[in-house]
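Structure record follows, encoded as structure tokens.
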Amino acid sequence: MSEDRPTLLVGLGNPGQKYAETRHNIGFMLIDRLAQDWGVKLSEDRKFQGEYGETAVPGLGKIRLLKPTTFMNQSGRSLRAVLDWYKLTPQQILVIYDDMDLPLGRLRLRQSGSAGTHNGMKSIISHLSSKDFPRLRLGISLPRSQSNDRHDATVSHVLGKFAVSEQSLLKQVLDLAQEATETALRSGVETAMNRYNARSLEAPAPVA
């Protein structure tokens with residue numbers, strides 16, 4: 001088992017039914033899927049300001065799952081609390097979040113990097129005082145709207161739900177993201193990067 005493998009998976013999103021299944025919550029979606037598959041019960045933990053659970057996964061060892069419930073812009077507070085409590089290093093985490101600059105059907109693993117325009121990542125980098133931690137970006141595509149107000153178009157896009165026509169591809173993306181995550185946990189982030197960063201999924205062609 002690789003020495004650089006993550007042990008804490010952090011999915012970013014906004015809490016509450018209002019934001020469930022929105023593009024901005026694709027990180028939450030993957031954590032929920034992993035929790036279900038691994039039999040992990042996620043419970044609200046006040047000291048962590050998030051939904052938290054842990055388990056021993058066969059072949060992967062002890063894994064912790066976290067969904068910050070601070071709202072996206074304060075995600076770093078929740079993650080910092082977990083790192084301090086368990087004395088984990090930034091290199092032991094994998095942050096999973098949405099990325100508009102990648103099309104739906106692409107994912108990108110990196111060992112470090114900037115936050116770009118993602119406010120959840122800005123909060124995490126600020127609270128960790130470091131950009132050196134693994135992350136998994138899941139593409140949600142750019143807004144299709146040609147609105148003159150780019151900010152409004154962006155907000156509407158990330159807080160909007162995936163279209164019916166995107167649901168099949170979304171499921172494939174989550175399948176692939178789960179594979180990539182489990183590879184990172186088992187063999188290290190670099191191995192997962194080499195195996196999955198070049199993969200590209202496309203929506204199935206409509207039946208004639």
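Placed from the backbone N, Cα and C atoms, the Cβ positions cover glycine too.
Some features that Swiss-Prot has for this protein:
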{"type": "SITE", "residues": "N14", "note": "site 'Discriminates between blocked and unblocked aminoacyl-tRNA'"}
{"type": "BINDING", "residues": "Y19, F71, N73, N119", "note": "tRNA binding site"}
{"type": "ACT_SITE", "residues": "H24", "note": "active site, proton acceptor"}
{"type": "SITE", "residues": "D98", "note": "site 'Stabilizes the basic form of H active site to accept a proton'"}
Using only C-alpha positions, which one of N14, H24, D98 is spatially nearest N73 (tRNA binding site)? These are the recorded positions in the record.
N14
List, in sequence order, the same-chain residues at least six positions removed whose CB sits under 8 Å from that of Y19 (tRNA binding site)?
G13, N25, L159
Helix, strand or coil at Y19 (tRNA binding site), per DSSP?
helix
Quick check for you: of the recorded positions N14, H24, D98, which have their Cα within 10 Å of the Cα of F71 (tRNA binding site)?
N14
At the level of the C-alpha atoms, what whole-angstrom distance separates H24 (active site, proton acceptor) and D98 (site 'Stabilizes the basic form of H active site to accept a proton')?
6
So among the recorded positions N14, N73, N119, who's got the most Cβ atoms within 10 Å?
N14
